[in-house]
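K.L.:
After the structure tokens below, expect a handful of questions from me.
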Amino acid sequence: MDYENQIANIFSLNGELSQNIKGFRPRAEQLEMAYAVGKAIQNKSSLVIEAGTGTGKTFAYLAPALVFGKKTIISTGSKNLQDQLFNRDLPAIKKALNFTGKIALLKGRANYLCLERLDQVIAQGVLGDKSVLAELSKVRKWNNSTKTGDFTECIELAEDSPIIPQLTSTAESCLGTDCPNYSECYVASARKKALNADLVVVNHHLFFADMAVKESGFGELIPNAEVIIFDEAHQLPDIASQYFGQSLTSRQLFDLCKDINIVYRTELKDMQQLGTTSDTLLKVVQDFRLLLGNGSNVRGNWRELYTQSAVKKAFELLQEKIDFLSEVIKLALGRSQTLDSIFERVESIKIQLKRLSETNIVGYCYWYEGNGRQFGLHITPLTVADKFGAQLEAKEAAWIFTSATLEVGGTFNHFCQRLGIENATQKILYSPFNYPEQSLLCVPRYLPNTNQMNTLNSLGEILLPVIEANKGRCFVLCTSYSMMRGLAEYFREKSHLSILLQGETSKGKLLEQFIKETHSVLVATSSFWEGVDVRGDALSLVIIDKLPFTAPDEPLLKARIEDCRLQGGDPFNDIQIPEAVITLKQGVGRLIRDVTDRGVVIICDNRLVMRNYGETFLKSLPNSSRTRDLNKVIQFLQNK
């Protein structure tokens with residue numbers, strides 16, 4: 001039987017999926033996507049496919065991948081989707097199709113408990129207060145029962161717990177086969193399973209870490225793959241940029257100092273100079289950290305900052321101390337395997353520092369971020385099209401890129417150009433939802449000018465009656481932290497509804513609370529614009545404060561704008577609009593998640609109707625009914 005008939009049978013009314021998966025119903029769009037994926041796998045070709053919400057794209061790419069049975073990598077944008085795929089979707093479809101191959105889940109090492117670090121922390125004590133000590137005892141208890149060491153499974157631990165960085169290894173600090181705990185290592189075990197599996201679920205960060213630096217032990221995965229499927233593919237260009245660049249972080253430097261001190265105190269007690277030099281470096285790193293932000297999150301241009309004499313002086317002192325540390329370690333080389341591996345890290349940091357001082361190299365953005373507690377110095381390529389495009393050419397495999405948000409104004413040009421994708425089959429599959437019936441899009445009249453000082457209160461005044469008429473059940477998605485905090489404060493002052501604010505607890509807990517407290521309002525920013533799935537009555541109103549253009553002074557964007565201009569392009573139309581369109585599509589996509597959902601999206605930005613480019617945004621959004629009258633919005637919400 002050819003693959004098309006096989007796929008048609010799987011997705012038919014009486015097929016394997018209908019018979020084995022509760023609630024499965026055949027969808028024309030899903031079948032069309034499954035055919036396209038199957039064809040790409042058979043021909044070892046590239047496919048770029050946008051599948052609107054409700055298409056059922058996960059099964060549409062999983063079924064053909066399992067049918068062909070080739071070595072497959074599936075890469076997701078978020079760890080949430082990665083876990084959902086591995087723990088929910090894959091077991092269901094594997095059982096339905098009676099697939100007997102091996103499947104594996106692989107994350108980056110920062111997700112796994114490091115037993116060597118755990119031993120060190122138990123021996124030396126944790127960094128932090130009593131609450132961190134309590135977290136440690138939770139981890140020790142969990143370690144007795146876990147088979148994977150994946151922190152996601154430790155449900156008693158918050159995802160942003162301060163204990164996690166103390167208990168995970170980094171590529172630099174990992175001792176590899178020299179580690180006394182290597183035989184029980186969770187990272188090594190996960191990688192071994194991945195290498196032996198027929199289908200591996202990874203995330204984009206891990207995929208590009210491997211592609212860019214060939215981190216030892218994982219380098220064999222991509223070369224063996226015959227099918228590579230990227231879900232949430234709209235995130236790829238930005239993630240790829242991070243990995244084809246260079247970064248030096250305060251964590252790398254603090255970890256280095258800590259590890260040197262451990263060697264001095266345990267293995268080389270006679271090397272007092274080692275401890276002294278490490279302590280001096282630690283002090284220099286702490287001082288340098290304070291120059292890059294003092295509490296608030298700061299991102300800026302490293303080239304510009306490096307011209308300031310105080311920063312340059314502090315940076316040169318950092319280089320000097322690293323050079324001296326290298327000389328001190330040389331005196332003890334061969335006496336400790338741990339110190340030998342630390343020496344390699346120091347040499348690598350020396351190279352990174354040298355590159356960060358060579359700020360005149362073109363084609364890269366030099367930028368920094370800091371908040372008083374930690375910092376990062378980065379060199380990011382302005383384009384990854386040549387590097388990624390070369391990988392596509394060199395590797396004979398099926399490359400499949402899918403997301404609900406890839407096209408802008410009816411084409412994939414922006415996405416394909418950023419990744420150097422050529423000669424790919426391109427397809428747009430529209431959502432099967434009845435948007436004109438299920439949803440209403442409103443750009444209200446009489447909106448305050450976005451530049452006015454009183455915007456916040458005026459906006460709150462306009463929106464609160466609608467939110468209260470809907471009894472909450474609302475996401476307010478903001479484009480800045482100041483607007484997010486300001487609106488939350490306004491609603492808390494003026495309304496009796498439960499107002500939840502991003503950052504006050506973890507993302508998972510906020511969503512849980514939002515669904516449980518039926519009359520609540522969640523005010524959030526970037527991380528809630530995508531990857532959040534709330535179905536049914538719990539969410540029937542999504543408010544977006546303005547079009548999500550990235551601030552033009554954001555260092556990476558600024559560098560790309562300058563580069564585009566130098567090449568004779570139009571940065572606003574070529575870069576800023578396409579990226580804002582994709583972000584807006586993600587935000588709007590939070591509303592209608594199922595055939596029975598109904599609700600309203602309010603976008604508080606006149607530019608959608610007053611500027612020519614507004615049409616590009618509107619064309620890319622679902623074809624909801626439209627109004628500018630908030631009374632009609634209230635009517636629609638009350639007639640649900």
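The backbone N, Cα and C atoms fix where each Cβ goes, glycine too.
For reference, Swiss-Prot lists these features for the protein:
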type: DOMAIN; residues: 16-278; note: domain 'Helicase ATP-binding'
type: BINDING; residues: C114, C174, C179, C185; note: [4Fe-4S] cluster binding site
type: MOTIF; residues: 125-128; note: motif 'DEAH box'
type: MOTIF; residues: 231-234; note: motif 'DEAH box'
type: DOMAIN; residues: 458-634; note: domain 'Helicase C-terminal'
K.L.:
Using the recorded [4Fe-4S] cluster site (C114, C174, C179, C185) as reference, state which further residues of the same chain have their Cβ within 8 Å of the centre of those residues' Cβ atoms, listed in sequence order.
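P.N.:
Residues close to the [4Fe-4S] cluster site, other than C114, C174, C179, C185: L115, E116, R117, S169, L175, G176, N181, Y182, V187, A188.
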K.L.:
Using all protein chains in view, find how many other C-beta atoms are within 10 Å of the C-beta of C174 ([4Fe-4S] cluster binding site).
P.N.:
22
K.L.:
Same chain, outside the motif 'DEAH box' (231-234) by at least 6, Cβ under 8 Å from its Cβ: which residues?
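P.N.:
For the motif 'DEAH box' (231-234), the list is 48, 57-58, 61, 74-78, 81, 85, 204, 401-403, 405-406, 415, 530-531, 582, 586.
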K.L.:
Say we define neighbours as other CB atoms within 10 Å of the CB. Which of the binding-site residues C114, C179, C185 has the fewest?
P.N.:
C179
K.L.:
How do the residues of the motif 'DEAH box' (231-234) split into helix, strand and coil according to DSSP?
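P.N.:
Grouping H, G, I as helix and E, B as strand yields 2 helix, 0 strand, 2 coil.
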K.L.:
Let me know the DSSP-derived helix, strand or coil state of C174 ([4Fe-4S] cluster binding site), please.
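P.N.:
For C174 ([4Fe-4S] cluster binding site) - judged by DSSP and reduced to three states - the answer is coil.
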